[in-house]
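A.B. asks: Summarising the annotation, TrEMBL assigns carbamoyl phosphate binding site to Arg59, Thr60, Arg109, His137, Gln140, Gly265, Pro266. According to TrEMBL, the L-aspartate binding site annotation covers Lys87, Arg170, Arg224. Under the heading domain 'Aspartate/ornithine carbamoyltransferase carbamoyl-P binding', TrEMBL lists 8-150. Annotation comment: TrEMBL describes 156-302 as domain 'Aspartate/ornithine carbamoyltransferase Asp/Orn-binding'.
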Amino acid sequence: MEHLSVDHLVGIRDLTRQDIELIFKTADSFKEVINRPIKKVPSLRDITIANLFFENSTRTRLSFELAEKRLSADVVNFSASSSSVKKGETLIDTVNNILSMKVDMVVMRHPNPGAAKFLSERTNTRVINAGDGTHEHPTQGLLDAFSIRERLGSVEGKKVVIVGDILHSRVALSNIYTLQKLGAEVMVCGPTTLIPKYIHTLGIKVEHNLRRALEWCDVANMLRIQLERQDIQYFPSLREYSMQYGLNKEILDSLGKEIIVMHPGPINRGVEITSDVADSSQSIILQQVENGVAIRMAVIYLLAAKIGR
Ligand code: CP
């Protein structure tokens, strides 16, 4: 069996291209499994996984739980809002208490950048980062690139623009690392205030005009404005943002080519994307969600194979 070069999935930055290709190859098999009448394999019958969510989630939490159940793992769920974290318990105490119950793997979403790395260095369980603040969301980066590969045949050489709130987005950084490692050309597009100053160090293009970005790309990944992470006002109003950076059918149809439209969710219809674009044949938003389960099955399966090694 081929193995990942890492013991945890903290960020895409730590992965090699071979790791990503191995995850995709494994996800191809699991995608076939989840489309069968019996969607389950007995691979992880002796593994217990804890899903620790210190921040809200719909897609990622459900997707991980489904992936774990499809692999026949035992699953326990933890949500910070209904836990003793509210009574002042620290992250490491919470996690050590859960691990005392013989948990083999932890999937964690946390508001602080670096939380998954912190945990991976202080426990002897496998850790999967399900989003750490504004840092990384590695399984989202993987499922997005996997969805591009599925629709366009490969990622190598494709032009992908990520549009919107890059500054507060963990999805953007994980997408940039994944796409670059697979040989895609990457651009970010948005108002100057929402593009981080360090962006030029990543070797990607920056464009502030949405039409020019769309004319350049094969794929547009539209990000949500993360109002919950914005401490100051970064643009005059959502209406003005939408007029300059919102993707609508009129712009899409005027491009003279068929680009693919993506969105990691949750969508704010009418802000970064209109309903007719989100629901159009060019949108692969629901395929991204479907692929999320196969990708997470692959990551869990490959990391579980390293337990005890
Ligand atoms: N894409 C994503 O991370 O969605 P959730 O916040 O609902 O998990």
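Keep in mind that glycine also has a Cβ here, set from the backbone N, Cα and C atoms.
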A.B. asks: What same-chain residues, at least 6 away in sequence, bring their CB to under 8 Å of the CB of Arg224 (L-aspartate binding site)?
C.D. replies: Gly164, Asp165, His263, Pro264, Gly265, Pro266, Ile267, Asn268, Val271, Glu272
A.B. asks: Just going by other Cβ atoms within 10 Å, which of the binding-site residues Arg59, Arg109, His137, Arg170 has the emptiest spot?
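C.D. replies: Counting other Cβ atoms within 10 Å of each of the binding-site residues Arg59, Arg109, His137, Arg170, the minimum falls on Arg59.
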A.B. asks: Among Gly265, Pro266, all listed as binding-site residues, which has the most CB atoms within 10 Å of its CB?
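C.D. replies: Neighbour-count leader: Gly265.
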A.B. asks: Checking proximity to ligand 1 here: which binding-site residues out of Arg59, Thr60, Lys87, Arg170, Gly265 have their Cβ closer than 6 Å to it?
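C.D. replies: List returned for ligand 1: Arg59, Thr60, Gly265.
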A.B. asks: Per-residue pLDDT averaged over the domain 'Aspartate/ornithine carbamoyltransferase carbamoyl-P binding' (8-150) comes to what?
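C.D. replies: 94, rounded to a whole number.
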A.B. asks: Counting all other Cβ atoms within 10 Å across every protein chain shown, which of the binding-site residues Thr60, Gln140 scores highest?
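C.D. replies: Max Cβ neighbours within 10 Å, all protein chains included: Gln140.
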A.B. asks: Taking the Cβ of Lys87 (L-aspartate binding site) as the centre, how many other Cβ atoms fall within a 10 Å radius?
C.D. replies: 6
A.B. asks: Compare the Cα of Arg170 (L-aspartate binding site) against each of the binding-site residues Arg59, Arg109, His137, Gln140 and report the nearest.
C.D. replies: His137
A.B. asks: Excluding Arg59, Thr60, Arg109, His137, Gln140, Gly265, Pro266, which residues of the same chain place their Cβ within 8 Å of the centroid of the Cβ atoms of the recorded carbamoyl phosphate site?
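C.D. replies: Not counting the recorded site residues, we get Ser57, Thr58, Ser63, Ala130, Gly131, Val171, Pro264.
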A.B. asks: Would you give the longest CA-CA distance, in whole angstrom, between residues of Arg59, Thr60, Arg109, His137, Gln140, Gly265, Pro266, the set recorded as binding carbamoyl phosphate?
C.D. replies: 16
A.B. asks: When secondary structure is assigned with DSSP, how many helix, strand and coil residues does the domain 'Aspartate/ornithine carbamoyltransferase Asp/Orn-binding' (156-302) contain?
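C.D. replies: Helix, strand and coil residues of the domain 'Aspartate/ornithine carbamoyltransferase Asp/Orn-binding' (156-302) number 66 helix, 24 strand, 57 coil.
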A.B. asks: What is the interatomic distance between the Cα atoms of Arg109 (carbamoyl phosphate binding site) and Lys87 (L-aspartate binding site), given in whole Å?
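C.D. replies: Counting only the Cα atoms, the answer is 19 Å.
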A.B. asks: Just to verify a number: CA distance, His137 (carbamoyl phosphate binding site) to Lys87 (L-aspartate binding site), in angstrom, no decimals.
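C.D. replies: About 28 Å separates the two Cα atoms.
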A.B. asks: Go ahead and report the DSSP secondary structure tallies for the domain 'Aspartate/ornithine carbamoyltransferase carbamoyl-P binding' (8-150): helix first, then strand, then coil.
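C.D. replies: Its residues divide into 70 helix, 26 strand, 47 coil.
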A.B. asks: Rounded to a whole angstrom, what is the largest C-alpha distance between any two of the residues Lys87, Arg170, Arg224 that the record assigns to L-aspartate?
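C.D. replies: 32 Å is the greatest Cα spacing among the residues binding L-aspartate.
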